[in-house]
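Asks: I am attaching a structure below and will ask some questions about it afterwards.
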Amino acid sequence: MIRIPLSMISTIQAGDRFSVSIRFIDFKEVQVNLKDKSTAEEFINVVSNFSFCSTPQDWFVFAYKTIVSPDIDGWNVYNMVSEYKRLELLGGESNMWRTSTANENFSLCESYSKLLVVPSNVSDDELLASARYRQNNRLPVVTWRNAQSRTMLFRSSQPLVGLLGRRCKEDEKLLRTCVDNMGDGRGVVVFDCRSSSSAIAQRFLAGGGRELVRSMYYGIADYVMLNIQNLSCQREHFDELMRTCKTMNDKTLRNIRIISTLTQSNWCKQLYQITTGAIAVANVLEKKASVLIHCSDGLNRTSQVSCLAQVLLDPYYRSFEGFQVLIEKDWVGFGHNFPLRLGYFSGEGRKMFSPIFIQWLDCVWQCMRMRPTSFEFNEKFLIAIAEASMQRRYGTFAFQSPCMATASRATERTVSVWTDLRARRSEFINPFYKDSLRYLQLYFSEKEISFWSGFYLKISQSSDLNM
């Protein structure tokens, strides 16, 4: 018997003769063979009516319930103030940083959290001016601090420089003050996840661009382009990978030539770009200067590079609980549009699909494979998170921004993914874990990127069902 979860259906369409092809959000496929054309048409209509909801309020996420005890309630995993105290940005003797409530009603930026950690001598009015100068109001804010080198990691979207080279004194002051608070005059290194040509194109297409690299303005010490491809390219590479996976079986898995083809795929080449970019960011933060990361909107590639760098730099984020905190802080809290990128929407919305979060989990797995004893959790935990993100079951991944999650009362009406995964903690713990290295210093060559067979072959399975 094959179970067909209606809430996970992505597309349903007529196939050859009287068959119906069903594709799920998690990329599995089922072909249902029916007795005649009218039965097939009726089957498609009935399943479509129950599967494709017109609004997110009709999704299964609001119907799913589980038994929750306070000690494993996933909504209690992350507390922003507590985490920034751990990073020694708040609560110490220094009064250089403060929590701003300028975004309490999401009037400053809908895709940022209510609280923002900013320099104490930058006013809320100046924050507003800086936000207006950044795409989608995503002004530069701190997300991590290196307690040893005292360097900091900031993230934002691109500045709206445009063709005329617009400036914003408040934006310049904000970033310059962030750097000055370090007290060593080393400046900030900007890592732009795009290519130079893409950044230039943004000046024409969206009035965007890149910061004016002059020390008198921002205090920028260096500007690095990471050349990570855009969302549509990543979607194409992923589809290409899935098509190859669907042709594989136990026999082809033993074919070295096929495995070599997968490891040399465009998808794996992009994993290399993201991973080496994060390593470069980590090296600068560890030895040299503070870092600002952005792409165009600061939602996708920025989260990938920022979070992977933090995994390398901070052993807490390589622990079972810390990894959950990192996802809440930098993916959920900084507004990654999970439902759009994971294909929750049908029809035209499906065209916006791009598995950025899955790609990042793949990058984490690549690092885990290189240093297996440095992670408290195992591969099974990464796979469980990836699968859960595609199930339309958890409030963690159901909302397009913190603003929408708050408006929908997510913590009251939905279940956090961590509630279910924390209840299964024993399944996900790495028995060989050694909490020794603070900074996980890695060196990757393109040949060392591997095909994540444990995940991709699992989700690419297809089945036939005769009715």
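Note: Cβ is positioned from N, Cα and C throughout, glycine not excepted.
So TrEMBL has the following annotated:
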type     : residues                                               : note
DOMAIN   : 74-456                                                 : domain 'Myotubularin phosphatase'
BINDING  : CYS295, SER296, ASP297, GLY298, LEU299, ASN300, ARG301 : substrate binding site
ACT_SITE : CYS295                                                 : active site, phosphocysteine intermediate
Asks: Counting Cβ atoms within 10 Å across all protein chains shown, which of the binding-site residues CYS295, LEU299 comes out on top?
Replies: CYS295
Asks: Within 10 angstroms of the C-beta of ASN300 (substrate binding site), what count of other C-beta atoms is obtained when all protein chains are considered?
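Replies: If we count other Cβ atoms within 10 Å of ASN300 (substrate binding site), we arrive at 23.
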Asks: Other than CYS295, SER296, ASP297, GLY298, LEU299, ASN300, ARG301 themselves, what residues in this chain have Cβ atoms within 8 Å of the centroid of the substrate site's Cβ atoms?
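Replies: What remains near the Cβ centre is SER157, CYS193, HIS294, THR302, SER303.
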Asks: Any same-chain residues 6+ apart from ASP297 (substrate binding site) with CB under 8 Å of its CB? Would you list them in sequence order, or say none?
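Replies: Those within reach of ASP297 (substrate binding site), by Cβ under 8 Å and sequence separation of 6 or more, are GLN135, ASN136, ARG138, SER157, GLN158.
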Asks: Around ARG301 (substrate binding site), how many other CB atoms lie within 10 A of its CB?
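Replies: The answer is 28 other Cβ atoms.
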Asks: Which residues does GLY298 (substrate binding site) neighbour through Cβ under 8 Å, counting only same-chain ones at least six apart?
Replies: ARG134, GLN135, ASN136, ARG138, ARG155, SER156, SER157, GLN158, PHE334
Asks: Counting only residues 6+ apart in the same chain, whose Cβ is under 8 Å from the Cβ of SER296 (substrate binding site)?
Replies: GLN135, SER157, GLN158, ARG194, SER198, GLN202, ALA206, GLY208
